[in-house]
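Asks: Please read through the structure below; I'll follow up with questions.
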Amino acid sequence: MRAGGASSAAGYCCSQYGYCGTTPEYCSPSSGCQSQCSPSGGAPPATPTPATPSAGGDISGIISEAVFDEMLKYRDDPRCHAPGFYTYDAFIAAAKSFGEFGTTGDSDTVKREIAAFLGQTSHETTGGWDSAPDGRYAWGYCFLRENTSDRYCNITQEWSCAPGQSYFGRGPIQIS
């Protein structure tokens, strides 16, 4: 927190002048307290220690390998450019590396989070075309990078690409 340019550690209040402490001179709103103030003017309550996240978000009980394979059944098709890359085991390992992914909230919230993730990443990696088997959107996890010859460079000096570089979508999570 900042008050008058001063930084305040947890458990300290800061006065309107930027001095920090735990007495009413620092913590009382009537004295001009600016951060971590206490209605009684005493030291603010201690900041609770956040819970330690679980060792990993094991979502295999929600998305089985059979469901994953059915949802992304064309990811290993020879017409795709990333066969063998997007595996169920890699998906589960990645989920476990983000402890709260797919494990926080009630069952419906968890399922929506996983569905949104798979929907977005499938969209960014689709290799489908309008007449593709099961439609263009059934081909998620088909590409590792955008299939384009465009460098996405502006010819102006301000936005030109670095020499020998180009900018285009790569991977299932893109900033586009």
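Just so it is clear, glycine is given a Cβ too, placed from its N, Cα and C backbone atoms.
Where the annotation comes from TrEMBL, it is an automatic prediction and has not been curated.
Since this is a predicted model, take the numbers as computed values, not measurements.
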Asks: Considering the candidates Cys27, Cys80, which is the cysteine that TrEMBL reports in a disulfide bond with Cys13?
Replies: Cys27
Asks: Name the cysteine that pairs with Cys33 in a disulphide bond per TrEMBL, restricting the answer to Cys20, Cys37.
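Replies: Recorded disulfide partner of Cys33 in TrEMBL: Cys37.
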Asks: What range among 38-57, 98-117 does TrEMBL describe as region 'Disordered'?
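Replies: That would be 38-57, the stretch labelled region 'Disordered' in TrEMBL.
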Asks: Among the disulfide-bonded residues Cys13, Cys37, whose Cβ has the fewest other Cβ atoms within 10 Å?
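Replies: Counting other Cβ atoms within 10 Å of each of the disulfide-bonded residues Cys13, Cys37 gives the minimum at Cys37.
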Asks: Applying a 10 Å Cβ distance cut-off over all chains shown, what neighbour count does Cys33 (disulfide bond) have?
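Replies: Result for Cys33 (disulfide bond): 22 other Cβ atoms within 10 Å.
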